[in-house]
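Trainee: If you scroll down you'll find the structure; I have some questions about it.
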């Protein structure tokens with residue numbers, strides 16, 4: 001199922017190109033994909049588990065709607081027809097009723113969680129419709145719902161992974177599961193002695209045997225046999241014959257790949273003769289024999305290419321690759337951070353002071369024995385009280401115990417020695433405190449860097465692009481406008497911006513508001529934006545990039561250095577956007593005259609060691625407008641300012657994004673054209689691929705001073 005959806009996505013990319021000469025061919029391509037989706041829905045609609053509707057069609061509908069909405073209708077129609085013809089009319093009516101609820105989780109931001117209960121409810125309803133509920137059915141329904149959840153989650157993740165040119169061993173497993181769901185829908189079809197389910201399954205067994213040897217062939221045979229058996233009409237007890245055939249096909253394929261067909265047929269013969277004779281031997285023989293003949297028609301170059309692709313996916317990364325080395329470096333840094341956790345067990349400073357006074361004054365006195373042998377406790381208690389009586393001012397005779405003053409013949413010398421040693425102890429205590437602070441800072445720095453490197457290794461391993469993946473055409477384009485004003489009386493704006501195209505047809509838009517105003521704020525926000533740009537261009541995720549920025553600002557100084565982050569990652573291929581807000585002002589999402597306000601309640605980066613990052617996902621369509629602002633634009637953070645901007649966006653026509661940004665900023669700041677804080681507005685217009693943005697001639701003066709890059713030796717980044 002997921003594999004079919006991925007193939008469909010590759011076909012869709014070609015029809016997104018708005019080239020007039022090929023307009024008719026694009027229509028034909030679109031109709032062809034729609035027909036394929038209808039057939040896929042028809043097949044999945046007939047899939048059954050224990051003679052009841054399987055959840056494969058329902059899972060496919062939930063996967064298709066947020067990604068390829070134009071193909072949802074054909075798949076739904078095909079699925080309803082397939083369910084009605086292959087199962088019963090009541091199940092088809094349930095599918096039609098459930099389809100009405102599919103758009104609900106993606107209607108508004110923050111509703112995506114509803115897809116999970118919707119998946120469970122639809123799966124249970126399809127399985128139980130027309131049957132009385134009992135304990136056995138309840139247990140089976142719970143197991144099927146759990147399997148549907150796992151399959152839906154894994155399929156959605158692998159679709160996103162393959163769309164971005166990645167893959168791993170899980171991709172092969174998901175492809176096998178997708179083919180299993182497709183075969184389950186084909187079971188029950190027969191054209192004389194030929195069973196399409198066994199034909200497709202035989203091709204799958206031979207392909208797995210050729211690519212992965214005996215193990216791959218045996219697993220594929222077990223998958224086919226289990227799929228047909230669970231449906232309730234398949235071989236059942238004859239699963240072993242498919243496993244045996246797949247195993248022997250893999251053994252001979254290691255010699256020469258064309259011998260895999262011979263191994264499959266030989267396994268069937270040996271199992272039938274030595275173990276058990278299948279009930280429908282002729283159907284099994286003819287269907288798998290046809291699959292063997294089809295495999296023989298493949299050119300050798302295609303088999304070699306498939307082996308390379310499978311090896312890249314299954315092999316993964318060896319222990320000497322970059323992610324493993326990064327993990328080793330992270331472990332070393334973590335161990336180094338533990339070395340700074342040792343606390344010195346210092347003796348009490350008051351005890352040390354008493355010993356120093358006794359050594360310097362009392363031992364040189366003629367009455368030493370009388371004070372420190374006959375009256376040891378009283379003398380020690382008096383000096384201990386003296387050294388701990390005051391830590392701010394110099395000690396005087398009034399601070400000395402009256403009883404000791406009567407016995408001591410050198411009270412002035414004791415006071416003088418006490419002052420000297422107390423001041424020295426203050427200096428030592430201050431030095432020890434600085435050392436402890438330095439140790440704590442070093443431990444925090446090394447620990448933070450270790451965690452960051454671990455995340456980088458994991459992110460690199462998960463996002464490593466494979467070679468040989470077909471490049472797709474993006475479905476969306478964009479136009480952006482930016483307007484900025486420094487605070488009243490200022491020349492440098494403390495707000496920094498970021499617009500950068502990333503690999504895999506993604507674009508990052510960002511605004512950052514540094515602490516305070518002026519050059520200091522510009523430096524803070526500019527540093528955050530520059531580091532984000534480098535990390536995102538290197539292929540790291542937004543979440544990891546935000547953590548890296550937080551670690552950098554937190555560790556570079558003991559003083560407060562923080563900045564807000566407002567990031568919008570546009571996926572031009574997947575027609576979606578990911579919004580991450582860290583203490584940023586609200587973002588306004590406009591679609592067809594309606595305005596949605598998206599807020600954040602987290603602290604800025606550079607304050608806490610852990611920053612909660614909760615991405616907000618949103619589907620994108622041509623004509624959408626995203627407006628990002630800093631807090632200076634709203635002047636005062638209250639509902640009145642947000643409502644004022646919301647009403648403006650509802651009434652404002654969609655014109656050139658630069659004009660919209662300047663208009664919004666001027667309107668919000670009023671006649672003075674500046675405010676008490678730096679202000680910035682970024683307007684992002686979502687366009688269809690190849691659509692030209694609206695342009696308006698606007699003459700605007702150059703800013704008096706370029707932003708934060710003028711304060712550093714870094715080259716200036718121009719807005720594209």
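Using N, Cα and C of the backbone, Cβ positions are placed for all residues, glycine too.
What TrEMBL shows for this protein is this:
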type	residues	note
DOMAIN	477-686	domain 'PPM-type phosphatase'
TRANSMEM	71-104	transmembrane segment
TRANSMEM	116-133	transmembrane segment
TRANSMEM	139-155	transmembrane segment
TRANSMEM	167-185	transmembrane segment
TRANSMEM	191-211	transmembrane segment
TRANSMEM	256-275	transmembrane segment
TRANSMEM	281-298	transmembrane segment
Trainee: Which sequence positions outside the transmembrane segment (116-133), separated from its termini by at least 6 residues, show Cβ-Cβ distances below 8 Å to it?
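Mentor: Sequence-distant neighbours of the transmembrane segment (116-133): 49, 52-53, 55, 58-59, 62, 88, 90-91, 94-95, 98, 101-102, 104-105, 140-141, 144-145, 148-149, 152.
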Trainee: For the transmembrane segment (191-211), find every same-chain residue at least 6 residues outside the stretch whose CB is under 8 Å from a CB in it, and list them.
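Mentor: Contacts with the transmembrane segment (191-211): 176, 179, 182-184, 217, 219-221, 223-224, 227-228, 234, 242, 245-246, 249-250, 253, 257, 260-261, 263-264, 282-284, 286-288, 290-292, 294-295, 303, 306-307, 310.
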Trainee: Within the domain 'PPM-type phosphatase' (477-686), what mean pLDDT does the predicted structure show?
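Mentor: A mean pLDDT of 81 is what the model gives the domain 'PPM-type phosphatase' (477-686).
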